[in-house]
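A short worksheet on the structure shown next.
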Amino acid sequence: MWRFLPSTPDPEELKELGRATREVLLVSALVGALAGLAAVVFDWSVFTLLELFRDFPLWTAAIIPPAGMLAAHVIMRTIGGGASPSTSDEYFKRFHQEGGVLGGKPFRGRVIASIVALGTGNMLGLEGPAIYLGASAGSTVQRRLPRLFGRIDHRLLLVAGAAGGVAAVFRAPATGAIFAIESPYQGDLAHSSLLPALIGASTGYVTFSIILGNEPLFPVTGPADVMVPQLAIALLVGALAGLVARWGASAIALAKRLSTRGPDWRRLLLAGVVISGTSVAVRMAADTSGVLGPGYGLVNWALEDNRAIWALVVILVARNLGTAAAVAGGIPGGLFVPLVVAGALLGRLTGELIGSNNSTLFPVIGIAAVLGAGYRVPLASVMFVAETTGRPGFVVPGLLAAVAAELMMGNHSFTAYQKKAQLIAGQRGGLGAQRAIEPLSSDGSDVPPPGGAPPARRPRRTGDTPISEVPARPAAGETSRPKLVDQRNDTSEIQQLATGGVRQSTGEVRHLTGEMKTITGQGQVEGPAPVEATELPAVESPLPPAAPPPTLPGEVSRRGTRPWIAHDEGAATADDEPNDPFPEDFDHT
């Protein structure tokens with residue numbers, strides 16, 4: 001029968017399993033701590049600069065942010081060696097494409113330029129550089145320990161570092177872990193990286209908290225009691241948030257296109273004028289200092305009582321225009337925090353329009369909805385709300401709003417490097433693991449229909465491992481046989497066992513030998529009766545010449561994929577359609 005029979009685990013295999021687990025988790029903890037330390041330095045540097053300009057006169061808001069943008073441009077051209085200003089997009093690219101180095105001149109240029117730009121009041125977020133710092137730490141550690149981690153999936157320490165950076169800069173460990181595994185995909189998770197993400201986020205958060213404290217970013221004091229009417233309004237806020245996030249994604253896309261056109265002086269001049277005007281508008285409408293830069297002060301401002309509707313509208317529009325201008329001006333920074341600010345302002349505006357007396361509920365719901373839709377991370381956005389406000393009572397309305405916003409968002413996103421989870425008829429992708437019998441010809445290809453026409457080629461899912469067929473020699477009088485396929489990974493189980501590149505248990509080796517004999521025609525097949533040659537034409541499939549044993553960096557056993565061993569979850573392949581409408585070197589965030 002076409003299934004793998006249970007056998008007694010090999011003690012050597014269990015020993016190897018435990019050793020690999022300890023190594024990955026220990027080094028993930030180290031990478032998370034390094035990401036936390038890097039976030040401490042980065043966070044302190046940015047807010048120290050912001051405090052210097054906090055109480056400057058209003059007219060300085062028209063000069064300091066554009067000057068910071070110009071300084072960041074010069075730094076990227078000199079120290080950064082002309083590298084692109086992308087930060088978190090570098091994490092997404094390295095996640096899906098093995099290879100490349102996160103370091104050198106681009107690393108130094110991006111970090112220094114982002115400190116200068118954000119510290120002078122430009123309207124971008126800290127999470128982009130924090131993700132970049134953490135991912136660079138993970139990539140560097142894994143690259144410098146080839147003997148210890150030669151077979152380890154290159155993404156595991158990358159994810160651990162990114163999770164540590166996000167958890168530290170937001171004081172939110174669960175948010176960091178979920179964001180690191182949710183953001184690389186639309187509608188899916190990097191589930192095999194969950195444990196490194198949890199460990200990296202925990203140590204990154206603890207390291208940051210020991211040095212700079214663990215106070216919530218947005219302490220909320222209002223009531224968290226939610227009734228049915230508030231839940232209905234949460235759906236309305238979510239729908240509006242989806243539209244706002246979709247408009248914001250289009251604005252960022254336009255800004256990215258503009259950043260590649262025309263001479264630098266003209267682009268910087270136009271971006272500087274917009275940044276200058278929007279900075280003054282935000283300061284005037286808020287009627288207080290401390291509202292420029294990433295925008296944490298604006299979120300707390302929106303949570304307070306007695307906010308005029310006109311002021312909320314002006315700040316919401318000005319902030320979005322200022323963020324788009326910063327992207328067009330080539331400033332390295334994140335888009336996570338601008339989405340948070342936009343969500344808080346939109347939620348408070350909705351509450352004012354419907355006459356709500358609760359000044360905290362709808363801003364928090366708006367944060368979850370806009371953030372979840374913008375980066376396609378509904379889980380991380382709701383967890384972010386719970387952790388940064390310290391009020392888990394907002395989780396349920398936040399979830400409803402995030403779902404409504406996600407439905408309104410369509411295929412848009414604030415980053416072009418997310419892989420889309422594709423569903424194929426009769427299959428279930430992502431976390432589902434279904435098994436089915438597929439009729440295959442003797443060479444492993446799909447059986448043609450009785451008319452002899454070739455079957456339509458099944459598209460390959462971009463988020464899963466490419467299908468790898470086992471060459472088979474036709475048995476006498478047989479033209480087709482069933483084949484067991486793990487539809488989660490699109491890979492034959494027999495091929496996985498045969499090419500695992502690691503030690504197998506005795507039971508596995510014995511059973512594998514029998515399976516391979518059956519495939520090559522040396523054994524008997526249990527299953528459907530052979531199809532007569534007159535009904536289906538035999539397909540010629542000569543056995544290819546023997547190739548050297550593959551040295552794949554991973555292993556799969558009948559108990560499933562081991563997450564700490566290399567297992568391609570979404571690597572780009574030659575058949576994948578590029579999900580990048582913009583030039584690669586000019587993506588921000």
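Each position is counted from 1, following the chain as shown.
Every residue gets a Cβ built from N, Cα and C, even glycine.
Annotated compositional bias 'Basic and acidic residues' per TrEMBL: 480-490, in sequence order.
The compositional bias 'Pro residues' annotation in TrEMBL covers 542-552.
Under the heading compositional bias 'Acidic residues', TrEMBL lists 574-589.
Taken from TrEMBL, the feature region 'Disordered' covers 438-490 (among others).
The region 'Disordered' annotation in TrEMBL covers 539-589 (among others).
The annotation transmembrane segment is assigned in TrEMBL to 24-44 (among others).
Residues or ranges marked as transmembrane segment by TrEMBL: 56-76 (among others).
According to TrEMBL, the feature transmembrane segment maps to 111-135 (among others). For the transmembrane segment (111-135), same-chain residues at least 6 beyond its ends with a Cβ under 8 Å from one of its own Cβ atoms are 31-32, 34-35, 38-39, 42-43, 45-50, 53, 61, 64-65, 67-69, 71-73, 75-76, 79-80, 85, 87-88, 90-91, 94, 102, 158, 160-166, 168-170, 180, 200, 204, 275, 278-279, 292-295, 319, 322-323, 326-327, 331-338, 340, 588-589.
Positions annotated as transmembrane segment by TrEMBL: 155-181 (among others).
Feature annotation from TrEMBL assigns transmembrane segment to 193-212 (among others).
Per TrEMBL, the feature transmembrane segment maps to 232-255 (among others).
Per TrEMBL, transmembrane segment is recorded for 267-286 (among others). Using a Cβ-Cβ cut-off under 8 Å and counting only residues 6 or more beyond its ends in the same chain, the transmembrane segment (267-286) has close neighbours at 58-59, 61-63, 65-66, 69-70, 73, 121-123, 258-259, 261, 292, 298, 301, 310-311, 314-315, 318-319, 321-322, 324-326, 328-330.
Annotation source TrEMBL lists transmembrane segment at 324-349 (among others). Long-range contacts of the transmembrane segment (324-349) within the same chain: residues 69, 72-73, 76, 85-88, 110, 113-114, 117-118, 122-131, 237, 240-241, 244-245, 248, 251-252, 254-256, 258-259, 267-268, 270-272, 274-275, 278, 294-296, 298-299, 302-303, 307, 309, 312-313, 315-316, 359, 361-371, 374-375, 384, 414-415, 586, 588-589, each at least 6 residues beyond the stretch ends and with a Cβ under 8 Å from a Cβ of the stretch.
TrEMBL lists 361-386 (among others) with the feature transmembrane segment. Residues 170, 172, 174-175, 178-179, 182-183, 186-187, 220, 222-224, 226, 230, 233-234, 237-238, 241-242, 244-246, 248-249, 299, 302-303, 335-336, 339-340, 342-348, 350-351, 392, 394-395, 397-399, 401-406, 408-409, 413-415, 418 of the same chain lie 6+ residues outside the transmembrane segment (361-386) yet bring a C-beta within less than 8 angstroms of a C-beta in it.
Between the transmembrane segment (155-181) and the transmembrane segment (193-212), the number of CB pairs under 8 angstroms, six or more residues apart, is three or more, so the stretches are in contact. Outside the transmembrane segment (24-44), and at least 6 residues removed from its termini, the chain residues within Cβ reach (under 8 Å) are 111, 114-115, 126, 129-130, 133-134, 137-138, 141-142, 145, 148-149, 152, 156-157, 160-165, 167-169, 195-196, 199-208, 211-212, 564.
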